[in-house]
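Now, the feature entries from TrEMBL:
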- 16-34: transmembrane segment (TRANSMEM)
- 41-61: transmembrane segment (TRANSMEM)
- 41-264: domain 'Fatty acid desaturase' (DOMAIN)
- 123-145: transmembrane segment (TRANSMEM)
- 157-177: transmembrane segment (TRANSMEM)
- 183-204: transmembrane segment (TRANSMEM)
Amino acid sequence: AKYPEIKSLMKPDPNLIWIIMLMVLTQLVAFYLVKDLDWKWVLFWAYAFGSCINHSMTLAIHEVSHNSAFGNNRALWNRWFGIFANLPIGVPYSVSFKRYHMDHHRYLGGDGIDVDIPTDFEGWFFCTTFRKFVWVILQPLFYAFRPLFINPKPISYLEMINTVIQITFDIIIYYVLGIKSLVYMLAASLLGLGLHPISGHFIAEHYMFLKGHETYSYYGPLNLLTFNVGYHNEHHDFPNVPGKNLPLVRKIAAEYYDSLPHYNSWIKVLYDFVMDDTVSPYSRMKRHQKGKVELE
């Protein structure tokens, strides 16, 4: 109400289309370049380079899930483009992510709804320094399988299409370029979403390092690789504003954000999470929903 000009930021970001196409092309070139390397170099480049591209691509898909590529009036175009962006990741997830992520925004911390909340088993078992370290490494697996235990949904036709296209792409990579290119692709995703500096955003966003504060922004340099996902308070306040414009939200309404606790290092977030005995996968706000719940 105080800053109506923020509404002017709620528009598609056409640059997102070209950036994603360039990222897909970059990984295709990388698939070709690693096909004859020794295995140690395949894994080295998967972590040193491919992991950054693939993790960044998951956050590009996050942008597309909010229809930031083509706008809300072309929602299906965004779904198809998300399937295209999914290709170098190796595992079909773009369409499913959209369905669950909208629930995360509508029912943040909703018990049995928001699959961003760790399961009781995760909170109970991964409670020591070493176990939390293992949990960080295995984060992509927990994110992949957690929906099946917390809030399973019927498979949609778009999810089936996403799966068929992705598996077909993986088979083509295997037969044209070989096993090393396929392993590079899958390892880049697994390593990039696990113990990796960018993965600090998973924990930084909603884990309560300070009581009473359940969402935190990050204003460090890795926002350049992650479509400004670090501007997370801003994103939850205005999910229709593409990542490119979130710094403008903070600039316009600075008095609402500058006083909030925030981070400048995702690496420090990971370190503090593992080493701080008072923080664990249980360190999340959980709500029991009242009234009617409409799932995506």
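Each position is counted from 1, following the chain as shown.
Each residue, glycine too, has its Cβ placed from N, Cα and C.
It is 183-204 that, among the stretches 16-34, 41-61, 183-204, forms the most Cβ pairs under 8 Å with the transmembrane segment (123-145). Sequence-distant neighbours of the transmembrane segment (41-61) (same chain, 6+ residues past either end, Cβ-Cβ under 8 Å): 16, 19-20, 23-24, 26-27, 30, 34, 82, 85-86, 88-89, 93-94, 97, 180, 183-185, 187-189, 191-193, 196, 198-199, 225-227, 229, 243. As a whole-number mean, the pLDDT of the domain 'Fatty acid desaturase' (41-264) in this prediction is 95.
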